[in-house]
Amino acid sequence: MSKTHLTEQKFSDFALHPKVVEALEKKGFHNCTPIQALALPLTLAGRDVAGQAQTGTGKTMAFLTSTFHCLLSHPAIADRKVNQPRALIMAPTRELAVQIHADAEPLAEATGLKLGLAYGGDGYDKQLKVLESGVDILIGTTGRLIDYAKQNHINLGAIQVVVLDEADRMYDLGFIKDIRWLFRRMPPANQRLNMLFSATLSYRVRELAFEQMNNAEYIEVEPEQKTGHRIKEELFYPSNEEKMRLLQTLIEEEWPDRAIIFANTKHRCEEIWGHLAADGHRVGLLTGDVAQKKRLRILDEFTRGDLDILVATDVAARGLHIPAVTHVFNYDLPDDCEDYVHRIGRTGRAGANGHSISLACEEYALNLPAIETYIGHSIPVSKYNPDALMTDLPKPLRLTRPRTGNGPRRTGAPRNRRRSG
């Protein structure tokens, strides 16, 4: 993290449990980010919190620190059973649940608290085996949590801490009934610590969320600016026929170290992947129907640097901690204004600079006015020379080939720059 991303407030300044402070410092966390500095005084005093901050500002560590401190500082309820977790952290996607679990592991190792993970798609028996041995903190998606609860594999009657991460997406995806079902099986709101964190939190969502909280305190960081000030935003207006060639030309120009390309449909993502893989790029594909194990492998390869480009639907836009993403390309402008914020928030994280490039084609240009109204500013427009777009492009690959494009990255200098002056 850069110094500009941190505050003067140190974790050791708070009355945190010593084991929590030790674990944080061992991982190199000394100074708080703004959202952590705002949230911790409240949660340590037992106050419920609804926190809004840009992605990459430390929301996950804010609620994990609060959760571990609370459980270490307060005894479990009397007669707690082995199938009763003490804390429940709910996430909208499998990938985010896995990421939270990974972030929590160093704290669990240092404190002795046991973690459990519950998400759909695969691993049912493996996850259940961990739960049957007893866990203190259960992290998961609502569908699998309800499945385990209905079969009495877990009982929520001993919950002391509840977290909703990416709360707006939880509601947007229609999980409101699931969330309420789970809350009804917990102790009353005033008998537990409740936390909500998200990059965007509408008044509608805030009102719904507060039904399940105890006079929560609303905190936010940089509320006047929905897109990070370290992200350079840029917009092009290509025709549908020139759109793919423009994308490939921009990639040649920018030569990004690590880029995510977002499109609105699975079919479009597969099309983009095919063109880039054929052109020799180390590119991965992440859509909703990719098997869970393969999705996690692709994310790991992208994070390690084995892949340079990730083509994705919005499944990858929320909550994932992928470091050092230098560029985000919106091949399609999203239909949901909030998705624009979450997409470009993959870059410019943790105090770094980032670059977002959006293509307003004939099909999705009508989404632009609502996006610009939502973010509160116009996206700067750049022009290009149609005659200078790349033409020497190979035939795109089909998905009968490996999705992750494991061939070597093309070497040599980028082709000549093709933007008009």
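Going from the start of the chain as shown, residues are counted 1 onward.
From the backbone N, Cα and C atoms, a Cβ is placed for every residue, glycine too.
Annotation comment: Swiss-Prot describes Ala53, Gln54, Thr55, Gly56, Thr57, Gly58, Lys59, Thr60 as ATP binding site, evidence class sequence analysis. With a 10 A radius on its CB, Gly58 (ATP binding site) counts 23 other CB atoms from all the protein chains.
Here Swiss-Prot flags 402-414 as compositional bias 'Low complexity'.
The feature domain 'Helicase ATP-binding' is assigned by Swiss-Prot to 40-219.
Residues belonging to the domain 'Helicase C-terminal' (245-390) score a mean pLDDT of 89 in the model. Taken from Swiss-Prot, the feature domain 'Helicase C-terminal' applies to 245-390.
Annotation source Swiss-Prot lists region 'Disordered' at 392-421.
Note on the motif 'Q motif' (9-37): residues 1, 44, 51, 53, 57-59, 61-62, 65, 68-69, 72-73, 106-107, 109-111, 197, 219, 221-222 of its chain, located 6 or more positions outside it, place their CB under 8 angstroms from a CB of the stretch. What Swiss-Prot lists as motif 'Q motif' is 9-37.
What Swiss-Prot records for 165-168 is motif 'DEAD box'. Counting same-chain residues at least six beyond the ends of the motif 'DEAD box' (165-168), those with a Cβ under 8 angstroms from any Cβ of the stretch are 50, 59-60, 63, 89-93, 96, 100, 196-202, 205, 209, 318-319, 338.
Over all protein chains present, the Cβ of Gly56 (ATP binding site) has 26 other Cβ atoms lying within 10 Å. Helix, strand and coil counts under DSSP for the domain 'Helicase C-terminal' (245-390) come to 61 helix, 23 strand, 62 coil. DSSP assigns Gly56 (ATP binding site) to coil in the three-state reduction, outside any helix or strand. Neighbour density around each Cβ, counted as other Cβ atoms within 10 Å, peaks among the binding-site residues Thr57, Thr60 at Thr57.
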